[in-house]
Amino acid sequence: MPEPARRAASAFTKKPKTAETAAGGAVVFEAETEKVDVKLRWQRGSADITASEKYVVTADGSKHSLTVRNVTKEDDGIYAVIAGTSKVKFELKVKEEAVKDGEASAPVPASDPAPAEAAAPPEAPDPSLASTEAPCQNGTKSQGEAAGHNESDLAENHQPDTRQDLTGLFLEKPQSGEVTVGENITFVAKVGSTNLLKKPTIRWFKGKWMDLSSKIGKHLQLKEQYDRNTKVYTFEMQVIEAKANFSGALRCEVSSKDKFDSCNFNLIVHEARVVEEFDIRAAFRRTSVDAGETAGELDFSGLLKKRYSFLKAPSRAVQASSEPDVDVWDILQKAPPTEYEKIAFQYGITDLRGMLKRLKKMRKEEKRSEAFLRKLDPAYQVEKGHKIKLVVEVANPDAEVKWLKNGQEIHPTGSRYIFENIGNKRFLTINHCSLADDAAYTCMIGPEKCVTELFVKEPPVYIVRNLEDQMAMKGERVEFECEVSEEGAHVKWEKDDVELTRDESFKYRFKKDGKKHVLIINDVSKEDAGHYRVKTNGGQSVAELMVQEKELEVYQSIADLTVKAKEEAVFKCEVSDENVKGTWYKNGMEVKPNARTHITHIGRIHKLTIDDVTAEDEGDYTFVPEGYAFNLSAKLNFLEVKIDYVPRQDPPKIHLDYTGSTSESTIVVVAGNKLRLDVPITGDPAPTVVWTKSEKGDSKKLKNSESTVEFCATLKDGEVISTADGRVHVESARGHCIFTIEGAERQDEGVYSVIVRNPAGEDTADITVKVVDVPDPPEAPRILSVGEDSCIVQWDPPLFHGGMPVLGYVLERKKTKSYRWMRLNFDPYTELTYEAKRMIEGVAYEMRVYAVNAIGMSRHSPASQPFVPIAPTSEPVGLCIEDISDTTITLKWRSPERLGSARLEGYGVEYCKEGSEEWVPAFQGLTERTSVVIRDLPTGEKMQFRVRAYNPAGPSAPATLAQPVTIREIMQRPKIWIPRNLRQTLMKHVGESVNMVIPFQGKPRPKVTWTKGGEPLDTKQVNIRNSDTDTILFIRKSDRGDSGKYELKVQIENVEDTATINIQIVDFPSPPQNLKITDIWGFNVALEWKPPKDDGNCDITGYTVQKAEKKTKEWFTVFEHYRRTNCVVSDLVMGNEYIFRVYAINMVGQSQEACNSQDSAYIQKTGMLYKPPVYKDPNFAEAPKFTHPLVNRSVIAGYNATLTCSVRGIPKPKVTWYKNRMDISNEAKYRMFSKQGVLTLEIRKPCPFDGGVYTCKAVNDSGEDMVECKLEVRPQVTKVEAKT
């Protein structure tokens, strides 16, 4: 008996669990081993973890822990701990959000949300542990373990293939698996929900019809998980304590609205090859497991199965792998009932009765249709906009069919629905299918019908025009607009990955106009800022909304006024928001409008007008904007004028109010506004007024020289004598001279002089006018540098500041392919260098600048050159020395972990001598490879090396060797590394090629020598190829002579290393010898033979014994893989003559020829007399008997009446109906029916004369019986009679 296989025990009593933590925190993984002071190895991916500031590894007896500090997103991944031959994997998940300030970043204990093997994607195992890794403690196998760890699969990438077609839904499909009876296996399917509009529905099937959701219980569990971060659904089907009849083809189907996908896989359940101790009592078990010991029925089939597996275990173990899978259900369906017990014994069926009950339900097939030869398929699928043709085949070529859609008959309308009749076939063609055609369709012929479902698959909807970033002020309305490829398509709006819906406050509104979709946000607030996303089933688009607090700007403040009696006083101010209301106050009291006081608000201008000013109106006036914490104040001065009559002449006088110590007054006017100089003058008689203008600062020169006069206007007695410009107007009022310039320009700036003269004298005054304007636009800004999501922009001040100092600058940016500019700052920025942030990496942008002074904002500058925000890559990873010699060094590294959106241009390698800071490039330009050989280095010098990755943003941080390297070749002893598969005898079949690659090490290059049995190899048969690191032995076509021991010697000077490799070339064995029949008794024949002469260069593993009737010579296998050289063939049929043959079997296979027996064996007949039994024919005759009598009835004349009764009798009795003892069988007024023993007499529109006694009589050969009843026919009552 072979020794039972034992399962390797795990070295861990407590395993680390998968943990989840936020970025910036810490997490602790704990493990406990069975033995004390066991050395553990912690790994991340396939690299060992060493103790550092980030990783803290502790060990206390049998308790071990790994602490990961300051967790970042890069720490997310698969970890493992190894103890001896046991390896346990677990996962660290890092959340996106960072740890809030002030929170304690205590280590997070590892939780167990799901088993690590199911939650983490499968990793390739350590090669050193591939053959000895212990299985899970609970006996559960993952799909990868159940499939046998195929080496080619391990070499591939472990991540699931996420490439999908337009209808593919699976991110990871369930894989076929193998399991032994009594063990567990789990099948995993993953479905991505990013492009799904509703939750997917999954169904598991066995074969074509069995829905496994109805089998959930002790042996089957279905689980479902959803990861909100990755938006992935994980569905698991766990088979617990698998049985042999669980084997078969399985199918997984997933659907979501109009999307569907399926996957087929297989489950193979192997019988346990370990023969347990046979317990006869356990075989007599009862079928019920829920009740007591006496409940249920005894099941003896378990005993038969035990006996069969006990006798046939060696042979069945091989048959399980060589014979195809057997479907027991199919065998039972085709077999006659007399063979059920034999099939149950052969295949080890323990619940035959239960299987037969289910088989009976399966055999209830649908009644064959008489109207349809071929019905509609269960379902059809068509893409939107295409056409579909539904076909049925009818039995009667002249039959008329009706087509229904969701129960409503379809009528031909135009070219949408087309009906065709071609012979026995009926066609319904639906053109230009839309989503409205997704329905159930029925084809009817009379009462018979067939039904199908049509699924209209909507094509992917693409976003043609993407969303654009928006910047808005608080309280404004914002619209996000996109355009899709299909009209009426369904889209989903999200804000920060949360779906938006119509709420009661109508905050969000969704508008659809053909292909355009608009998201409207009313009255935005700071909470509405964020990233908005629109999704379709074919793509998505993202835009950012930035909301700024609204600041009220004062464009024009109210000014102090001095007015005279009966004049009008107007206080006027202008603010930036036209929707802002305000309140006017006088000396702290609110001003109410009346007949003299008027308050107006037009757009951004607020006015307070006071007519016929009096002394009571004097005071402090204040305007307070509603909702803002500031006010505007001004003072109203009342000027009382006293007129004294002086009959004498007065010299002219100019009355100007100078606020300064000089006699000059400067008036500032904004370019484009009206300049109005109102000069009060006195004098009697009325003086003549002369206005002149000179350049700024030349007022004195104006009086001495007329050549400096730029403008001159003379006014006498209120009439203009001369003027110099059509924009200039001079008018005179009583006591005033008014000088006006319409639309002041920059050249109107200067010194204006006014001279008044009369016979009594003259007076002069100078007024300085300063014209201010917005500044000129700055030059195009320059981009100094770019980052991952930012850039630094610089610009020069404007050439002309507009006469007022520049208060700051306003910047705007836009995407190059967009037309919408977004403002980056609302408050003027005073510096000439600005860092713009919150941009999208890899997207081209442009910048422009506005200059701002007290007057306003300039025109925008020209746009900058387009630029793309990108960041340098992270430093290269894993820089190390691969080889070194006296003048060269070979370095290798891995690509940076973060590449960004820009392409990687290459790597730059530099070196410097120890103690020097001068880094020298190792070669010109960049290299795209991740390894490089640097030549012509000084021998014996200590050198330092570093590598930097380059992209359009510049070089990354350097990756530097940990310490300087001495340039000198290192002597290395020769060492041969025998591959694991060559440490045992290498076995090949005759004719196969032999290719052995054996790596070795040694410097300088060692001398390699091959021998066989101490003799050099034959170069005609064996080819040898050597390199610096390995040697290859190749035999193109091997034969038996190539078997033997091959010696390999690697030598450097006097130091050498040797290795021996055994090669065994095997072939088919020759047939056995001397097969003879040694004995015949009863139904048995004893055979004996000798082993073959040639065993094929390997051990004989068994023999195949076959028998055949001498007449038919059809061979049947009696024993397979039989180990002895003698056997007894039983269960032979008497009266037949048999011949026998034997094949020899080794590891290559069965011998090409068989050894046939020289003699034949005849099974003698024994005489027997068979007497058939005599049976008496049964008599089933029965006299007629009414089981349900007739019932007296009263009916109304003119309405059909029926009389019903039921009768039984064998043979079928003859039935006769009577009225008042008269036979009425041949009268047309009556109709008689008989169905399944139920007798019915129908009286058509009876009248009062049809009343009487009705009798039903049944007669057959065994007797007769009769029943009778009374029928009363009442006359009809008319409406007139009813009223009376």
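Just so you know, glycine gets a Cβ as well, placed from its N, Cα and C.
Quick look at what TrEMBL lists:
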type: REGION; residues: 99-160; note: region 'Disordered'
type: COMPBIAS; residues: 104-131; note: compositional bias 'Low complexity'
type: COMPBIAS; residues: 134-143; note: compositional bias 'Polar residues'
type: COMPBIAS; residues: 148-160; note: compositional bias 'Basic and acidic residues'
type: DOMAIN; residues: 370-445; note: domain 'Ig-like'
type: DOMAIN; residues: 459-553; note: domain 'Ig-like'
type: DOMAIN; residues: 567-622; note: domain 'Ig-like'
type: DOMAIN; residues: 652-768; note: domain 'Ig-like'
type: DOMAIN; residues: 777-876; note: domain 'Fibronectin type-III'
type: DOMAIN; residues: 877-970; note: domain 'Fibronectin type-III'
type: DOMAIN; residues: 974-1062; note: domain 'Ig-like'
type: DOMAIN; residues: 1071-1166; note: domain 'Fibronectin type-III'
type: DOMAIN; residues: 1178-1272; note: domain 'Ig-like'
Does the domain 'Ig-like' (974-1062) reach the domain 'Fibronectin type-III' (777-876) with at least 3 CB pairs under 8 A, where each pair is 6 or more residues apart? no
How about the domain 'Fibronectin type-III' (777-876) and the domain 'Ig-like' (1178-1272): at least 3 CB pairs under 8 Å, pairs 6 or more apart in sequence, or not? no
List the helix, strand and coil residue totals of the domain 'Ig-like' (370-445) as derived from DSSP. 3 helix, 40 strand, 33 coil
Mean per-residue pLDDT computed across the domain 'Ig-like' (459-553): 85
For the domain 'Ig-like' (974-1062), how many residues does DSSP put in helix, in strand and in coil? 6 helix, 52 strand, 31 coil
